[in-house]
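Before any comments, here is the structure.
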Amino acid sequence: MRFLTGNVVVRARGADFFVAIDARSAGGADAWLALTNGAPLLRRFTLSPSAPTNLYDFTRAELRLWLSRRELNPVHAARIWSYLYLDLVEGFGAMTELPARVRARLEAEMCVGNLKIARETDSRDGFTRKYLLELADGAAIETVLMRFAGRATACVSSQVGCAMGCVFCATGQMGYTRHLTAGEIVAQAVHVARALRTAAFEKCHVMRDPSPGREAGEKSRDEADRHRAPPTPRLRNLVLMGMGEPLHNYEAVMRAVDILRDDGGLALGAERITLSTVGVVPGILRLAAEKRPVHLAVSLHAADQEERAALVPVAKKWPLDELMAACRTYSETTGRRVFYEWTLIEGRNDTAAHARAVGRLLRGLPAQVNLIPLNPTAGYDGTPGRTEAARRFQEILSREFALPSTVRQRRGIDIAAGCGQLAVAEQS
């Protein structure tokens with residue numbers, strides 16, 4: 001079967017369908033790239049007509065409504081919620097206090113998450129664990145867990161791949177497949193919280209909790225702390241800095257944030273969730289207008305439009321002046337500072353002149369700069385900025401511009417869990 005919708009061709013074969021641009025239509029491949037923010041020309045998807053609904057997609061109010069519409073007492077929503085986010089159950093069999101009728105209906109229509117652990121890898125120093133998670137449709141994502149003294153941070157993905165194409169980012173190099181649902185985002189956080197209740201990390205070293213805006217596998221040099229962890233550390237922080245661009249998947253990401261902040265569940269406070277964007281201006285402005293309770297981190301990497309566009313292609317769509325205007329609006333509207341991320345690449349953006357350019361760009365803004373030495377990826381031939389260059393950069397920001405900054409120590413690099421390293425080799 002084949003049909004057209006605009007310039008897009010959809011071909012179906014059994015449970016599979018393929019989407020591509022009609023080569024005969026105006027624009028051809030260029031039109032496809034414009035429509036999909038650079039996704040490959042042909043994509044294959046598999047339909048799963050009988051797939052159950054992911055219970056993690058529901059807010060508590062929606063769960064009450066779901067019960068009511070099935071003539072079940074909505075009071076059970078509170079117990080279901082506590083099973084999911086306090087007891088961290090993996091299936092309906094553990095929900096023993098629910099009436100049999102309620103549990104049977106849940107089992108018939110729902111699933112408790114839809115992620116499978118395909119692989120888990122620990123860093124040599126014991127600070128970091130990376131999970132390769134398989135989704136219901138066969139796609140895969142990566143999630144990272146970091147341990148600190150008495151608490152932990154989860155770095156979660158928001159998309160399968162990424163359409164933004166940052167040249168030094170492994171996720172950008174793999175291309176974009178699809179958005180994650182809110183439930184798939186929430187399930188990553190629940191998985192990390194559940195893992196923390198096991199004995200798997202008893203011998204791991206831990207770090208002090210980082211300030212907002214730091215990615216998985218990273219911490220500042222002055223925060224190393226090798227005390228042993230308590231037996232049941234709590235998931236305290238969540239960073240949307242894994243695979244994907246969160247503001248490209250705004251609705252699902254914000255729904256996930258609302259679910260994760262619910263006081264009756266994981267209860268992650270506003271000061272404990274950080275969202276990192278490459279600079280999707282409409283999303284930043286929407287965050288500001290809605291005054292969403294999250295920290296905002298912006299991947300800056302260059303203070304010159306031409307230089308930034310070479311590293312971050314989306315800067316061609318949302319130029320630096322538009323991005324900075326949006327960040328100013330965000331801070332003025334919300335009263336929050338913005339964390340500006342700067343990947344230090346030797347000879348590219350790590351000189352004293354670059355530091356002063358950043359200082360001038362951010363002058364007068366409530367800001368903090370997070371300096372991140374480049375992490376290796378297969379698709380980018382660059383060298384991390386040297387320690388002395390990072391210190392000089394930081395000193396200039398502090399001395400000449402009174403601009404706070406951190407220099408991150410690289411963590412989880414041996415398992416490709418650092419900033420910019422998350423990727424899945426093959427996607428169906």
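Yeah, the Cβs are placed from backbone N, Cα and C, and that goes for glycine too.
As recorded in Swiss-Prot, the features of this protein are as follows:
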ACT_SITE  Glu142  active site, proton acceptor
ACT_SITE  Cys419  active site, S-methylcysteine intermediate
BINDING   Cys162, Cys166, Cys169  [4Fe-4S] cluster binding site
BINDING   Gly244, Glu245, Ser276, Ser299, Leu300, His301, Asn375  S-adenosyl-L-methionine binding site
REGION    207-232  region 'Disordered'
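Structural mapping of features recorded in Swiss-Prot.
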residue: Glu142; record: active site, proton acceptor; DSSP class: strand
residue: Cys166; record: [4Fe-4S] cluster binding site; DSSP class: coil
residue: Glu245; record: S-adenosyl-L-methionine binding site; DSSP class: coil
residue: Ser276; record: S-adenosyl-L-methionine binding site; DSSP class: strand
residue: Ser299; record: S-adenosyl-L-methionine binding site; DSSP class: strand
residue: Asn375; record: S-adenosyl-L-methionine binding site; DSSP class: coil
residue: Cys419; record: active site, S-methylcysteine intermediate; DSSP class: coil
Where the distance is taken from Cα to Cα, which of the recorded positions Glu142, Cys162, Cys166, Cys169, Cys419 turns out closest to Leu300 (S-adenosyl-L-methionine binding site)? Cys166
If the [4Fe-4S] cluster site is taken as the center of the Cβ atoms of Cys162, Cys166, Cys169, which further residues of that chain fall within 8 Å of it by their Cβ? Met164, Gly165, Val167, Phe168, Ala170, Thr171, Gly172, Gln173, Glu245, Val278, Gly420
About how far apart, in whole Å, are the alpha carbons (Cα) of Glu142 (active site, proton acceptor) and Ser299 (S-adenosyl-L-methionine binding site)? 20
Across the record's S-adenosyl-L-methionine-binding residues Gly244, Glu245, Ser276, Ser299, Leu300, His301, Asn375, the largest CA-CA distance in angstrom? 19
Hey, of Glu245, Ser276, Ser299, His301, which of those binding-site residues are within 10 Å of Cys169 ([4Fe-4S] cluster binding site), Cα to Cα? none
Separation of alpha carbons, Cys162 ([4Fe-4S] cluster binding site) and His301 (S-adenosyl-L-methionine binding site) (Å): 18
I need the CA-to-CA distance for Ser299 (S-adenosyl-L-methionine binding site) versus Cys166 ([4Fe-4S] cluster binding site), whole Å please. 10
Which one of the binding-site residues (Cys169, Leu300) has its C-beta surrounded by the most other C-beta atoms within 10 angstroms? Leu300
Cβ density check for Glu245 (S-adenosyl-L-methionine binding site), other Cβ within 10 Å (all protein chains) comes to 29
Which listed residue (Cys166, Cys419) has most other Cβ within 10 Å, given these are recorded positions: Cys419
Work out how many Å separate the residue listed as 'active site, S-methylcysteine intermediate' and Cys162 ([4Fe-4S] cluster binding site) at their Cα atoms, rounded off. 14
Return the count of C-beta atoms lying within 10 angstroms of the C-beta of Cys162 ([4Fe-4S] cluster binding site), excluding that atom itself. 28
